[in-house]
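Undergrad: Feature annotation from TrEMBL assigns substrate binding site to 61, 113, 158, 165, 189, 240, 258.
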Ligand SMILES: NC(=O)CC[C@H](N)C(=O)O
């Protein structure tokens, strides 16, 4: 396995210069575009890592499947899907176009920003601090890492510059999708995106979903139904408006984030985490895409 991971990195490296860092969140421009790392964990609990696997980065949109899982623990499906749809939007992740032209204005799915903000709005808790503690606790349990925490500089950077997300939040409030306080909802969303992880954290979270809700330590965190719903969205909507092409090239339920991470979950086989902050024009990690394509072909991991 170590050889395969090192080969994947060698194959991906020459293409990193073709992409660029996400710069609409100023703090993310501090990443090193040449960083590339990968971690894979199997059902026997073997953990393999290669490249810059100890670099920390913010989880960004990879938080969305974890937050969906948490919301599905707190509410029945009927409530969740009264807030978000179940279909790919085909639009960029930060688009609000369809909220205006398709009525009722329900976000197409929980993985576009509008859908993730709607999900953040229903997480239970007396106040923001209680909700923040709860989500951190849940991410820590998924990844079996009690040290996971929020990168405060990225959080502040997102909060200061997140005008587009703020616009989306206010549209959703106007449409009655967000029930509570819109600024508190946005704050929780910015915080979930600023959670700091390594490729190992992503691999272990991916493994928890691959085992239908049983984490690396053997604890049941989610039931099978919730895990399958989350993986279904990862497969159909996980790579933004590049999800179809990714299903053809890689064929593994996955979720990417503009911080450069990808979490992949190969049912009953592996959890995989990749990092490379150089992004393609859709916002997906170039190195991550290349490495996952190589590994999927090499180990025959496409679920199709
Ligand atoms: N695609 C992403 O990773 C987007 C997350 C980012 N925090 C945003 O809201 O724009």
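For all residues, glycine too, the Cβ spot is worked out from N, Cα and C.
Owing to the predicted nature of the structure, the values given are computational and were not obtained by experimental measurement.
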Undergrad: Would you find the one among the binding-site residues 61, 113, 165 whose Cβ has the most company, meaning other Cβ atoms within 10 Å?
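TA: It comes out as 61.
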Undergrad: Could you check the binding-site residues 189, 240 and say which one's CB has the most other CB atoms within 10 Å?
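TA: Compared across 189, 240, the most Cβ atoms within 10 Å surround 189.
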Undergrad: Using a Cβ-Cβ cut-off under 8 angstroms and a sequence gap of six or more, which residues of the chain neighbour residue 258 (substrate binding site)?
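TA: Those within reach of residue 258 (substrate binding site), by Cβ under 8 Å and sequence separation of 6 or more, are 22, 25, 28, 60, 61, 279, 283.
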Undergrad: Give the helix, strand or coil assignment DSSP yields for residue 61 (substrate binding site).
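TA: Its secondary structure by DSSP: helix.
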Undergrad: Starting from the Cβ of residue 158 (substrate binding site), draw a 10 Å sphere and report how many other Cβ atoms land inside it.
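TA: Counting Cβ neighbours of residue 158 (substrate binding site) within 10 Å gives 25.
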Undergrad: Under DSSP, is residue 189 (substrate binding site) part of a helix or a strand, or is it coil?
TA: helix
Undergrad: Among 61, 113, 158, 165, 189, 240, 258, the annotated substrate contacts, find the widest CA pair distance and round it to a whole Å.
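TA: Pairwise Cα check on 61, 113, 158, 165, 189, 240, 258 gives a maximum of 20 Å.
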